[in-house]
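Structure first, then comments.
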Amino acid sequence: MKHGIHFFDRSVLTTAIQDFTAVIKEDPSNAQARLYRGRAYAKQQRYRNAIQDLAAAVHLDPSCWLAFYYRGCILRQIDPKKAVQDFSVSVLINDTQENFCSFLHRGILYTEQRRWSLAICDFESVLALDSSVIFAYLNIGLILLLHLHQYSEAIQQFTNAIEMDPLNVRAYVCRAQAYREIHNLPNAVKDINRAIHLYPNKPQLCILRGQYLMELKKYELASLCIYQLAEMDEESFTSQPVQQALIQSFCQNHDKAIECLHEATATQLEPSMFVILGKIQMKAKKTKDAMRSFKKAMKLVMTSAKVLPKTFEAAEMYYLTGLCYMEQKSLLLARDAFSMAIRLHSSYPDAFYQRGLCRMQLRQAKCIRDFNRALALCPSHFQAYMSRAAYYGSKGRYAKAILNCNEALKILPNSVRAYFYRGTLKYQNKRFKAAIEDLSKTIDLNKTCILAYYNRAVCYHEIKDFRRALKDYGILLLLELSKEIAFKVLINRGLLYVELGDYANACEDFKEATLLSPDDSQIFQAIGISCYRLHEFEEAVRSFDQVLKLDPVSVDAYVGRGNSYMESGLEAGCKQAQKDFLRAIHLNPKCIKARICLGYNLQALGKLQRAWSQFTVAICIDPKCHAAYDGRASVCLQMGETFAAFQDTNAALKLTTTAPLLTNRGVINQLMGYLPCAMKDYQQAISVDPNYALAYFNAANIYFHNRQFSQAYCYYSKVLQLDPRNESAVTNRAITNTLLNNIEEAKEDFEKAICLCPFSAVVYFNRANFYNGLKQYELAEKDISTALSIQPNDALMYKFRADIRGKLGFNKEAVEDYKQAISIQEQTDSM
């Protein structure tokens, strides 16, 4: 036995086998002799004899862990299941450092069987027994990288391998790939550089470095890599057309790459060659040629029964064909190609994902199943999460879509696309502030993301943060925009200015928008409305004319032009406006706006009964139109039907409560002599809209009437805060100050009133009264004379001037004024 072991250790296997055979003949139950002879047979590749001897050794000595181990090693290729059992028994008998190889081999078998968690456990057991086994670190890292997509954990395993062996090239290359998966390209390039430093003549390493530099957008360095590679190993690439073609394709020389592979496929009819050719043709946008290449590859891999084998390679051919069909917009054919790929290889996440995209474009609900299946096979499939988010977003299920974006961001934390889409989903879900956060993050990651600025501006607009919205729209207009987006930006900013009441800037934006879309009638409509608000009525009429040229049946344009004509204040303008309102009603007899405008037009022309009829028709069309009730109330009031006006105003207030309506009712109550009710209405109007000046003015007048001058003074002052150019309020406050003996303030108010309305006889008359009270008769006589020059046929003012002139001693002039006053009064009485 010792003689045989001696020759076995020195690899003199024939002599060793003879010695072990002699021992077995003498002692058939010698398990050790069986073990050694079995090992010797295995070294001679006489596996059948080796398995017989090892089986006998196990039978004779069931605790012989080495027999189980060696038999497992032989059975690895021919019977993996039995091999796993043998390794398992071996480690059960001996789980010490002495038998770590059983764990190692069993881990390899588990890896081949795609039983990832069990494989990792075995490799970890190896490391627990011997932490210097680099192979175990690498295998754990590769499983985590390629199959479980746990990139950070994989990087740690490769780092452990490098710490054990700093010269291990494979560990650097694998770690570089893991860094690439988490988009840490600078570290990936560093690791590839280290690998190239260790093995400078490995062309594959230079190719990888070029790829990573391309992804870093360092195109010059990437190109330099490829040129260096070609110079370094020119003969190798000439003899390897596939390699040469890949390099040419990488350099974007697709035509040269295709030519090279065409030459190769003429002599080498290999499926892989045609697949590579097809992929390069796809990059060159020659999809029809690519499809022909994939079909040739399929024919080559078909079995004799004309059936494709169920392998990943065959499935990939159909998958790539499906991508070509998608490029050609042949969605049904693409879907069928992806289905065939799945049939050939059921664990193909990208095929499920692409089929899901096809089905989503075909509006088939089954698409969500495909996305779910893709994620079940590959939980880190970023695109699948984003497509699923798009599907749920299209169905209005925004919360679920946002959750999918969240998952996508866990995979790619700095994805511009994911942040942008999540921001738009939050906008759709009315979560504007949250949307702004995501869109701001998008802009931080990509300063020129036009759609992010646009959507953020819309969100700011929604939350009434007009300053920031205007800033974003302004930034957008500084960027290079497509015609469509520039048009939308101008329209949105114009509408924002309208909301701010800045009609001048709004008008400028709308006018610029017309240069981009000169046939859009709605823009000219907006310009017309803006000009109307700016009191540029002639310009408004021209804009509405343009609307009617583009759209001759635009009811809104007729109404807008009619209102612009009305503002001229001339009878001709009112008649022209009437024609426009009538045309609008002819086009749409149920147009409430046109009827209300026509009602006011007829009222302005003094045709009260017809005006009343128009408002009544508007009410019949829409009994809930408060504007129609308000209009009819104003006509009733003018016709002397105070109670009818009161009823209509009440009807309007039942439909809506606004400060103008309450003020109108207060005026009616005041006319009917119900001053407490009128005051109540004015106070309510103020509570509804604290900035409605007319309510304050009317309330102040009641206070003045009731001789509550302090309160009247406060309310007139409030009116002037809200409307500084209200000459009536200034005049009334001046009179109030006079009565309150606030002489200096009264003087200031009268000066303001005259500045605001220099041709108002009433203002001069009131100031003359003021000076008369102060016994400043010369100033009083000057003001009353100015009043008479403006309004010469007023008997009261002549009498007043006669009184003042009498006090000044101008008796002759005073007598003449008295005579003139009597003459005017007699003429008035006789009429």
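Just so you know, glycine gets a Cβ as well, placed from its N, Cα and C.
According to TrEMBL, the repeat 'TPR' annotation covers 31-64 (among others). Residues 1, 4-5, 8, 11, 13, 16-17, 20-21, 23-24, 70-71, 73-75, 93 of the same chain lie 6 or more positions beyond the ends of the repeat 'TPR' (31-64) yet place their CB under 8 Å from a CB of it.
If you look up TrEMBL, you'll see 169-202 (among others) marked as repeat 'TPR'. Helix, strand and coil counts from DSSP across the repeat 'TPR' (169-202) read 27 helix, 0 strand, 7 coil.
The repeat 'TPR' annotation in TrEMBL covers 382-415 (among others). Long-range contacts of the repeat 'TPR' (382-415) within the same chain, counting only residues at least 6 positions beyond its ends with a Cβ under 8 Å from a Cβ of the stretch, are 183, 349, 352-353, 356-357, 360, 367-368, 371-372, 374-375, 421-422, 424-426, 428-429, 445.
Mapped onto DSSP helix, strand and coil, the repeat 'TPR' (416-449) counts 27 helix, 0 strand, 7 coil. The repeat 'TPR' feature in TrEMBL is assigned to 416-449 (among others).
Taken from TrEMBL, the feature repeat 'TPR' covers 487-520 (among others). Listed as Cβ neighbours of the repeat 'TPR' (487-520) (distance under 8 Å, sequence separation of 6 or more from its ends, same chain) are residues 454, 457-458, 461, 466, 469-470, 473, 476-477, 481, 526-527, 529-531, 533-534, 550.
Annotation comment: TrEMBL describes 521-554 (among others) as repeat 'TPR'. Outside the repeat 'TPR' (521-554) by six or more residues, the chain places 491, 494-495, 498, 501, 503-504, 506-507, 510-511, 513-514, 560-561, 563-565, 567-568, 587 with a CB less than 8 A from a CB of the stretch.
TrEMBL lists 659-692 (among others) with the feature repeat 'TPR'. Taken residue by residue, the repeat 'TPR' (659-692) breaks down under DSSP into 27 helix, 0 strand, 7 coil.
According to TrEMBL, the repeat 'TPR' annotation covers 693-726 (among others). DSSP states for the repeat 'TPR' (693-726), grouped as helix (H, G, I), strand (E, B) and coil, give 27 helix, 0 strand, 7 coil.
Annotation comment: TrEMBL describes 761-794 (among others) as repeat 'TPR'. Residues 727, 731, 734-735, 738, 743, 746-747, 750, 753-754, 800-801, 804-805, 807-808, 824 of the same chain, all 6+ positions outside the repeat 'TPR' (761-794), place their C-beta atoms under 8 angstroms from a C-beta of that stretch.
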Please count the residues of the repeat 'TPR' (521-554) that DSSP assigns to helix (H, G, I), strand (E, B) and coil. 27 helix, 0 strand, 7 coil
Do you know the DSSP helix, strand and coil residue counts for the repeat 'TPR' (487-520)? 28 helix, 0 strand, 6 coil
I'm checking region-level scores; what's the whole-number mean pLDDT for the repeat 'TPR' (521-554)? 93
